[in-house]
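Notes for the one structure printed next.
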Amino acid sequence: MSERTLVLIKPDGVARGLTGEILRRIEAKGYVIAELKKTTATAEQLAAHYAEHEGKPFYQPLVDFMLSGPIVAAVAEGEGVIPGFRSLAGQTDPTTAAPGTIRGDLGRDWGEKVQKNLVHGSDSIESAEREIGIWFN
Ligand code: YYY
Ligand code: MG
C-alpha cells in the first residue's frame, strides 16, 4: 500500500548544497515528492518533532544544530516509502552507514557526533503522520 513519510534535509545538507542530490535519490528510487519547502525550524516544531529524545544527552545539541540554519522539509510517497527512505538514508552514524546510502556516501561527521547526518526520515506510519502534521499543515 502506498504510504507517506516525512523527510527533513538537515542544516548540514542544505548548507553543503546537497538538497538536489538527496531529492534526486528519492525520485530515482521511484518515490514521489508530494510536498516540498525550504524553511527554518522553530523551537516549538523541534520540541514536538524530537519529543521521544527529550532528556537524552544528545537532545539539546541536536535541537541547537537543527536551529542553526535552513532545512528542507518534504513528504515522499510510495510503496513502502517509510522503511524505504530509511534504507536510502542508511544507519544513523555516518561513519558506519553503508556505502550507497545518503549518510554513507555523503555524511561527514567522522564519529565526533552523529547529529550531522544530513537527513531525517520517519520510522513508522504513526510517526510519519504525526511528523507531517508538524511541518505541513
Ligand atoms: O532515526 P535516526 O535519525 O536514524 O536516529 P534517532 O535515533 O531517531 O536519533 C535522532 C537524531 O539524533 C539522529 O539523526 C542524530 C541524533 N543523535 C545524536 O546526535 N547522537 C546519538 N547518539 C543518537 C542520535
Ligand atoms: Mg529517528
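Placement of Cβ uses the backbone N, Cα and C atoms for every residue, glycine included.
TrEMBL lists 2-137 with the feature domain 'Nucleoside diphosphate kinase-like'.
In the three-state DSSP scheme, Asn117 (ATP binding site) falls into the coil class. The Cβ of Asn117 (ATP binding site) has Lys10, Asp12, Ala89, Thr92, Asp93, Pro94, Ala97, Arg103, Gly107, Asp109 as same-chain neighbours under 8 Å, each 6 or more residues away in sequence. Look at TrEMBL and you will find Lys10, Phe58, Arg86, Thr92, Arg103, Asn117 tagged as ATP binding site.
Within its own chain, His120 (active site, pros-phosphohistidine intermediate) has Leu6, Val7, Leu8, Lys10, His49 as residues 6 or more apart in sequence whose C-beta sits under 8 angstroms from its own. Here TrEMBL flags His120 as active site, pros-phosphohistidine intermediate.
Applying an 8 A CB threshold to same-chain residues 6+ apart, the list for Arg86 (ATP binding site) reads Gly121, Asp123.
In the three-state DSSP scheme, Thr92 (ATP binding site) falls into the coil class.
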